[in-house]
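**Q** This is the structure I have questions about; it appears just below.
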Amino acid sequence: MLAWRPGRPDGCRAAGGRRYNPGHDCIKASVSLNSAARNAPAGSQPVKAELWKRVYSRVGSYWKGLVLAVLLMAGAAATQPTLAVIMKPLLDDGFSGAKPHYVWFLPLAVVGLILLRGICNFFSDYLLAWVANNVLRGIRGEMFERLLGLPDADFKRGDTGRLLNRFTIDAGNVTGYATDVITVLVRETLVVIALIGVLLYMSWALTLIILVMLPVSVGIARAFTRRLRRINRETVNMNAELTRVVSEGIDGQRVIKLFDGYDAERRRFDFVNSRLRRFAMRSATADAALTPLTQVCISVAVGAVIAVALSQANSGALTVGSFASFMAALAQIFDPIKRLTNLAGKMQKMLVAAESVFTLVDQTPEADAGTRALPEPVRGKVEFRAVSHRFPDADRDTVSAVSFLVEPGQTVALVGRSGSGKTTLVNMLPRFVLPDGGDILFDDVPIQDLTLRSLRSHLSLVSQDVVLFDDTIAANVGYGAGGTVDDARVRDALAAANLLEFVDGLPLGIHTPVGQNAARLSGGQRQRLAIARALIKNAPVLILDEATSALDNESERQVQASLERLMRGRTTLVIAHRLSTVQNADRIIVLDAGKIVEHGPHSELLAANGLYASLYNMQFRED
């Protein structure tokens, strides 16, 4: 009921009764929907400017580290042209023997400059990594905070792979590329400026030839920018699809094996994997083409420089040392320019990742307009008054004008055919689903007037789909108790849930890890652990959502005994599939097509020979 299950995208049903093709239908739909949603706002300049502002406002929070890193990068940049300048005295004076002290001075100068540059680069890189990781921690914190606050409906619509990618890949790309942009933009720009200054000082005529070709290189880079961004966005989408397919392959491995789904899963994976390869190759092609085109432009400039330099040398205006120094500075300028032209690709990747991250951060959180807390002592009285609800695009109400009262300590069971509205109705009590009409009252207080924290702190849940965390048994039992739970309370809860004997037989007892998805426990053990968790919370209202429907008879017997202890003195709403488990309920409410068609104790409903009797007799014959 309340669990988030990854699955195929909403609306992925084969039209006209056509068999669903997992290799194409849903993946194509998901990719096209993702692309349409993500492509729409990306091209506008205001959106890009806003993304830049949001990313670098977070980076700017660590301005002290940034300023120090920039100063260190300036120091490293200052050493770059100095190495080229040394070439002139080395060739003109050093080899001629005109200045003997150059024998030791020039080598030491070279070593000293390279050492200084290495120190500056190390500490600037360290500081930028420190900034990036702090920003990444903050962004992921924002994302997780928003994730926890999303409405339940968003999880049912969401794509697990896409969400995971936002945390693991996109968030890292935002901070990684953001600091890369700073590094390249500052360090390489300073290097280029310093080298151009040296080149102009050495020979303004030769330098002008180089400067003429720079706008051409920039124009080529801009031409590739838009294409790179579109390709990068599609690559992000396909990475999310690949994560989803692999995740479903892992989660559903038993079903795949038992239903011989190998070929279907291979088709799904190959379809996404092939598309991802195509997008990766398009991106690689664009990246690969950008560099040689830029280099061709620069090589034309170099050829012109050599021609002019030879002319000046023949007239005696240029020495060998001066030309070597000029060419050394010119050779050093190519890599910084290359990195600056490649910066466009990193900027686009950063913007695509930022768009993905802030799409999650900007999602509307769960509405929590209530201001009241439940008055103490909480009794556990629950009342539904003419409650109705219809899901978007549905042709009828899922719940229609349902009214009933549950007195404190009573047990009321909701039964009916699949799709009758049982789960939707119970989901309204913790406000996972909001009613379209009517009121729900908790101790005579409308639940919309209560804060979510106050409302949910007085509710406990035991469902068919037990969610346990990858932690110890004690941590899972004490989860939600509002503080540290001592071992004695944990053991008491486990004993009441008929699980203590099993836990004591484990090597680490209550401190035994349960593993991911509680894989080390059986279905019945997971259910009883959930019951122990509910006992520790000790909420006055309990929701049981088909808590025994997936268990064998022996496990059901043990769990049912534990549930009876849990239900004592608590208001309990039970959604039951096996009607044999609700015979002792104070009242049974029978739903059909979202409406109450019968209600009363078990014996009266059987005697009435209505829908409940029909469902009960059908199950009795099956059993």
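Including glycine, each Cβ sits where the backbone N, Cα and C put it.
Straight out of Swiss-Prot:
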BINDING   Gly416, Arg417, Ser418, Gly419, Ser420, Gly421, Lys422, Thr423  ATP binding site
DOMAIN    67-349  domain 'ABC transmembrane type-1'
DOMAIN    382-618  domain 'ABC transporter'
TRANSMEM  66-86  transmembrane segment
TRANSMEM  103-123  transmembrane segment
TRANSMEM  190-210  transmembrane segment
TRANSMEM  290-310  transmembrane segment
TRANSMEM  317-337  transmembrane segment
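Map these features onto the structure and tell me what's around them.
**A** For the recorded site, Gly421 (ATP binding site), the DSSP three-state label reads coil.
Packing against the transmembrane segment (66-86) from elsewhere in the chain are residues 59-60, 106, 109-110, 113-114, 116-117, 120-121, 123-124, 127-128, 131, 182-183, 186-187, 190-191, 193-195, 197-198, 325-326, 328-329, 332: each is 6 or more residues past its ends and has a CB under 8 Å from a CB in it.
Sequence-remote contacts of a segment are chain residues at least 6 beyond its ends whose Cβ falls under 8 Å from one of its Cβ atoms, and for the transmembrane segment (103-123) they are 68-69, 72-73, 75-76, 79-80, 82-83, 86, 89-90, 94.
Sequence-distant contacts of the transmembrane segment (290-310) (same chain, six or more residues past either end, CB-CB distance under 8 Å): 203, 205-206, 209-210, 212-213, 216-217, 220-221, 224, 318, 323, 326-327, 330, 334, 337-338, 341-342, 345.
Packing against the transmembrane segment (317-337) from elsewhere in the chain are residues 80-81, 83-93, 187-189, 191-192, 195-196, 198-199, 202-203, 206, 210, 214, 217, 294-295, 298, 302, 305, 309: each is 6 or more residues past its ends and has a CB under 8 Å from a CB in it.
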**Q** Among the binding-site residues Ser418, Ser420, Thr423, which residue has its Cβ surrounded by the fewest other Cβ atoms within 10 Å?
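**A** Ranked by other Cβ atoms within 10 Å, the binding-site residues Ser418, Ser420, Thr423 bottom out at Ser418.
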**Q** Which residues does Gly421 (ATP binding site) neighbour through Cβ under 8 Å, counting only same-chain ones at least six apart?
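**A** His389, Thr398, Val399, Ser400, Val402, Leu591, Ala593, Gly594, Lys595 - these are the non-local Cβ neighbours of Gly421 (ATP binding site), listed in sequence order.
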**Q** Around the ATP site formed by Gly416, Arg417, Ser418, Gly419, Ser420, Gly421, Lys422, Thr423, which additional residues qualify by having Cβ within 8 Å of the site's Cβ center?
**A** Leu591, Asp592
**Q** Reduced to three states, what secondary structure does DSSP give Gly416 (ATP binding site)?
**A** strand
**Q** Within 10 Å of the Cβ of Gly419 (ATP binding site), how many other Cβ atoms can you find? Include all protein chains, please.
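**A** The answer is 13 other Cβ atoms.
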**Q** Long-range same-chain neighbours of Lys422 (ATP binding site), Cβ under 8 Å, sequence gap at least 6?
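**A** Once residues fewer than 6 apart are set aside, Lys422 (ATP binding site) is near Leu414, Val415, Gly416, Ile575, Leu591.
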